[in-house]
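Q: Here it is: the structure, laid out below.
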Amino acid sequence: FGRMKPVIVVHGGAGRIFKEREEGCRAGVVRAALRGYGILKQGGSALDAVEEAVRSMEDDPHFNAGCGSVLNEKGEVEMDAIIMDGKNLDSGAVSAVKCIANPIKLARLVMEKTKHMLLTDHGAHLFAQAMGIPETPGEKLITERSRERWKKNLEPDSNPEEFQNEGNVACATSTGGLSNKLIGRVGDTACIGSGGYADNHSGATSTTGHGESIMKVVLARLILYHMEQGMSPEMAADTALDYMKTRVGGLGGVIVVSNSGEWAARFSTKQMSWATVKDDQLQYGIYAGERHTKSVDEALASESEGF
């Protein structure tokens, strides 16, 4: 579909975002979107852009991915990630991985260096070693906040951290999962069609929210199905989220890009941090109906001063 203009959409997870964390979440999704957009502007691939944007959020303790991931029942970090290429439907994912700073990088290697799509736990660990990925001590990924939440045994403000973009279309998602989850629990993120899906014939999407509900309705693929039936990204997102709510009582959020460069960021939870860049315009928000707009130049300037 010719050279469309680069578009990138990012989300930092749906759920409850506490007041004192709002600014950090806004700044984090904006930074991720700007980084991904920078790669697209330099002629980089959609895959490189989505991977970089996710990596930036894995390294930011405000998000439930990489450093800052929530802890499982045993008090450990177990992370899931997926990446998908809309050109040929290639995908790579990892689940229940520990002691790695950037699971998204490992997911990309699974896609490019193996014949498989999903490696889990011990096998993913062995593959990471074979690929020369440095080990990060588990404690390094645990923040004070995650430990506090674990002690309180909070039900999650399930805040997976994800993102997606398009040029060729691609999607990438990374998460620490649900707080106090059972050991070995794998949610929607690592599952193709649930946590994300990308197909150049229609578009790309990445989801966030209650993983088990998302898996029941195969949310990412459902949204693209609605788009294939002629719905706009916004309409497709709302229709699928509404179905998930009425059918299985699940709440969540999604970001979507069509193959023509239309985008949407929609959610049925109270909040979802999101950001997008298109035509050198940055837009971002957290609450329903909230949308700030800045030029990319202005955003990059305030970025270098710290938000």
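Glycine too: its Cβ is placed from the backbone N, Cα and C atoms.
A TrEMBL annotation is a machine prediction, not a hand-curated record.
Under the heading substrate binding site, TrEMBL lists Arg185, Val186, Gly187, Asp188, Thr208, Gly209, His210, Gly211.
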Q: If you count Cβ atoms within 10 Å of the Cβ of Thr208 (substrate binding site), leaving out that atom itself, what do you get?
A: 34
Q: 10 Å Cβ neighbour count around Gly187 (substrate binding site)?
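A: I count 23 other Cβ atoms within 10 Å of it.
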Q: Listed substrate-binding residues Arg185, Val186, Gly187, Asp188, Thr208, Gly209, His210, Gly211 - what's their greatest C-alpha to C-alpha distance in Å?
A: 16
Q: Quiz question: given the binding-site residues Arg185, His210, which has the greatest number of C-beta atoms lying within 10 angstroms of its own C-beta?
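A: Of Arg185, His210, the one with the most crowded Cβ is His210.
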Q: With the cut-off set at 10 Å between Cβ atoms, which of these binding-site residues ends up with the most neighbours? Options: Val186, Asp188, Gly209.
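A: Most Cβ neighbours within 10 Å: Asp188.
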Q: Counting across all protein chains present, how many other Cβ atoms fall within 10 Å of the Cβ of Gly211 (substrate binding site)?
A: 29
